[in-house]
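Sequence annotations record features per position, and here TrEMBL assigns transmembrane segment to 20-40, 68-89, 95-114, 121-141, 161-180, 187-212, 224-245, 257-277, 289-306.
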């Protein structure tokens with residue numbers, strides 16, 4: 001602002017760093033909104049369950065009449081919008097790993113609002129996620145300056161990214177039409193691989209659409225190009241496939257295992273795809289790249305620790321208590337009848 005008032009020309013590298021700051025702010029805001037939305041929705045679900053039918057029961061849709069649940073949904077939508085906008089300003093290698101911060105926000109809020117104990121392992125997990133995020137932020141590459149959708153299309157039609165896209169789509173089709181029918185219900189990685197491969201293409205397309213919106217708001221309409229609408233169609237298809245198989249994974253396997261494994265595989269493939277297409281790391285030194293990788297590994301460790309120990313010290317839910325009591329009573333009833 002001071003530079004603008006003094007009518008001084010801002011150097012190109014400073015503009016790039018300002019874009020990174022904007023992207024970082026939006027990414028952290030997204031994590032705060034999304035992490036808070038889980039807690040707000042859970043409070044709404046509890047209130048709805050006290051006054052009507054629980055969401056986990058048959059016909060349990062009373063939460064739709066609960067204002068807190070809708071507030072949680074609005075908060076989540078705001079978080080997703082902020083995450084979408086972050087890709088227009090900062091590289092995916094900065095934005096995507098910061099999604100783990102939403103776990104910290106939800107864990108801390110759950111500790112104070114829902115009275116769910118945040119034990120020592122949870123605190124260590126939060127610290128690891130913060131330390132890893134700081135390492136990535138401090139050594140993140142600068143956003144590539146793009147002036148039109150034609151430039152994005154040129155990057156997307158380079159041989160390296162075409163090969164990656166073809167391999168990703170071929171793997172997804174093979175997994176869907178061959179592996180899922182035979183062993184998908186027994187192998188968690190099948191569903192997660194489909195979600196992660198499609199997710200990497202989703203992020204590439206989301207970034208393209210976000211940049212198109214950013215340029216359009218700046219006065220250069222990018223929606224006159226067919227390429228922009230092509231990326232919108234890709235986003236829609238990839239999101240539908242991704243959500244479908246993520247729901248299958250969550251329904252068939254333990255959420256405490258699915259969430260961190262999906263985060264790791266999705267983030268790795270997304271960074272690889274962006275590195276191939278946008279060449280985010282082309283201007284970085286080996287030390288900077290190694291520091292970012294260490295930061296990512298630290299976040300992964302913190303995420304696994306938070307997920308694997310999140311229920312430690314908390315009382316089991318009522319449904320689980322009833323199930324355990326039924327299992328204990330069954331042998332007794334068999335013995336008494338005999």
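Any Cβ shown, glycine's included, is placed from N, Cα and C.
Keep in mind that this is a model prediction, so the values were computed, not measured.
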Query raised in the report: So are the transmembrane segment (187-212) and the transmembrane segment (257-277) touching or not, going by 3+ C-beta pairs under 8 A with a sequence gap of 6 or more?
Result: yes
**Report entry** Surrounding residues of the transmembrane segment (224-245) on its own chain - C-beta under 8 Å, 6+ positions past either end
**Finding:** 149-150, 152-153, 172, 191, 194-195, 198-199, 201-202, 205-206, 208-209, 212
**Report entry** Contacting positions for the transmembrane segment (121-141) when only residues 6+ beyond its ends and CB under 8 Å are counted
**Finding:** 20, 24, 90-91, 93-94, 97-98, 100-101, 103-104, 107-108, 280-281, 283-284, 288, 291-292, 294-306, 309-310, 312
Requested in this report: Any chance you could find the range in 20-40, 68-89, 95-114 with the most Cβ pairs under 8 Å to the transmembrane segment (257-277)?
Outcome: 95-114
